[in-house]
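A.B. asks: Let me begin by handing over the structure; questions about it come next.
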Amino acid sequence: MAYPFQLGLQDATSPIMEELLHFHDHTLMIVFLISSLVLYIISLMLTTKLTHTSTMDAQEVETVWTILPAIILILIALPSLRILYMMDEINNPSLTVKTVGHQWYWSYEYTDYEDLNFDSYMIPTQELKPGELRLLEVDNRVVLPMEMTVRMLISSEDVLHSWAVPSLGLKTDAIPGRLNQTTLMAMRPGLYYGQCSEICGSNHSFMPIVLEMVPLSYFETWSAVMV
């Protein structure tokens with residue numbers, strides 16, 4: 001999860017987020033090399049006496065600065081497209097959960113069970129227990145099995161929302177009248193926090209998301225109690 005004065009991304013918990021972190025590092029290195037080259041050229045221009053000021057044409061230089069950016073864009077685009085296709089894949093999900101955004105809370109329905117659904121509201125600051133996180137705790141967590149593919153069906157009942165959990169690499173728009181889908185798989189147990197990431201009204205900041213990833217045996221016990 002996030003911490004105060006954090007500069008980097010959250011620790012990855014899913015394979016998709018691992019890929020996103022690698023892509024971030026890959027792109028950042030390219031940006032660093034380009035920035036270094038530009039700063040080097042600027043320093044040369046400031047410290048070196050200019051020559052060939054009357055030159056009006058340089059075919060070789062123009063060829064290089066046309067081809068080189070194209071190669072750089074390809075090096076960025078190919079891994080990006082690979083990750084985009086990975087994020088759109090739905091690989092035989094073991095469980096499906098329908099998420100509906102409201103002003104200003106989330107409701108969840110486990111579609112593989114007959115009567116397993118609930119609303120999830122933020123716990124007000126004055127009701128928090130010691131150690132709980134302000135603006136992030138909810139009264140009903142979304143309990144899911146770890147190391148299993150879970151499909152999330154996401155929609156909205158009123159205005160645009162966005163269901164996002166950074167450590168899992170998830171961010172999907174909740175649009176009224178439309179059902180979007182995404183998949184998640186957590187590689188380790190724990191609590192993973194997210195928030196609505198689309199401005200949806202005055203209480204937009206009070207729509208947290210809490211996923212509790214647990215072993216399959218614990219999930220089966222929890223679902224039996226809830227049903």
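Using N, Cα and C of the backbone, Cβ positions are placed for all residues, glycine too.
OK, Swiss-Prot features for this one:
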BINDING   His161, Cys196, Cys200, Met207  Cu cation A1 binding site
BINDING   Cys196, Glu198, Cys200, His204  Cu cation A2 binding site
BINDING   Glu198  Mg(2+) binding site
MOD_RES   Tyr218  phosphotyrosine
TOPO_DOM  1-14  topological domain 'Mitochondrial intermembrane'
TOPO_DOM  46-59  topological domain 'Mitochondrial matrix'
TOPO_DOM  88-227  topological domain 'Mitochondrial intermembrane'
TRANSMEM  15-45  transmembrane segment
TRANSMEM  60-87  transmembrane segment
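Help me understand the surroundings of these features in the structure.
C.D. replies: The Cβ of Cys200 (Cu cation A1 binding site) lies under 8 Å from the Cβ of Gly101, Gln103, Trp104, Val159, Leu160, His161, Met207, each on the same chain and at least six residues away in sequence.
In the three-state DSSP assignment, the secondary structure recorded for Cys196 (Cu cation A1 binding site) is strand. The Cβ of Cys196 (Cu cation A1 binding site) has 25 other Cβ atoms within 10 Å, all protein chains considered.
DSSP assigns Tyr218 (phosphotyrosine) to a helix in the three-state reduction. In the shown protein chains, 15 other C-beta atoms lie within 10 A of the C-beta of Tyr218 (phosphotyrosine).
Sequence-distant contacts of the topological domain 'Mitochondrial intermembrane' (1-14) (same chain, six or more residues past either end, CB-CB distance under 8 Å): 20-21, 24, 166-170, 184-188, 190-193, 213.
Across the topological domain 'Mitochondrial intermembrane' (88-227), DSSP assigns 21 helix, 61 strand, 58 coil.
Using a Cβ-Cβ cut-off under 8 Å and counting only residues 6 or more beyond its ends in the same chain, the transmembrane segment (15-45) has close neighbours at 9, 72, 75-76, 79-80, 82-83, 86-87, 166-170, 184-185, 187.
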A.B. asks: Can you count the other CB atoms that lie within 10 A of the CB of His204 (Cu cation A2 binding site)?
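C.D. replies: Cβ-Cβ neighbours of His204 (Cu cation A2 binding site) within 10 Å number 17.
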A.B. asks: With the cut-off set at 10 Å between Cβ atoms, which of these binding-site residues ends up with the most neighbours? Options: His161, Glu198, Met207.
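C.D. replies: Within the set of binding-site residues, the most crowded position is His161.
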A.B. asks: For the recorded Cu cation A1 site, enumerate neighbouring residues of the same chain (Cβ within 8 Å of the Cβ centroid of His161, Cys196, Cys200, Met207, site residues themselves excluded), in sequence order.
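C.D. replies: Near the Cu cation A1 site, beyond His161, Cys196, Cys200, Met207, sit Gly101, Gln103, Trp104, Trp106, Ser162, Ala174, Gln195, Ser197, Glu198, Gly201, His204.
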A.B. asks: Using C-alpha atoms only, work out the spacing between Cys196 (Cu cation A1 binding site) and Tyr218 (phosphotyrosine) and round it to an integer in Å.
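C.D. replies: One finds 28 Å between the Cα atoms of these residues.
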A.B. asks: To the nearest whole angstrom, what is the C-alpha distance linking Tyr218 (phosphotyrosine) and His204 (Cu cation A2 binding site)?
C.D. replies: 32
A.B. asks: Identify all same-chain residues not among Cys196, Glu198, Cys200, His204 whose C-beta atom falls within 8 angstroms of the centroid of the Cu cation A2 site's C-beta atoms; report them in sequence order.
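C.D. replies: The answer, listed by sequence position, is Gly101, Trp104, Val159, Leu160, His161, Ser162, Ser197, Ile199, Gly201, Met207.
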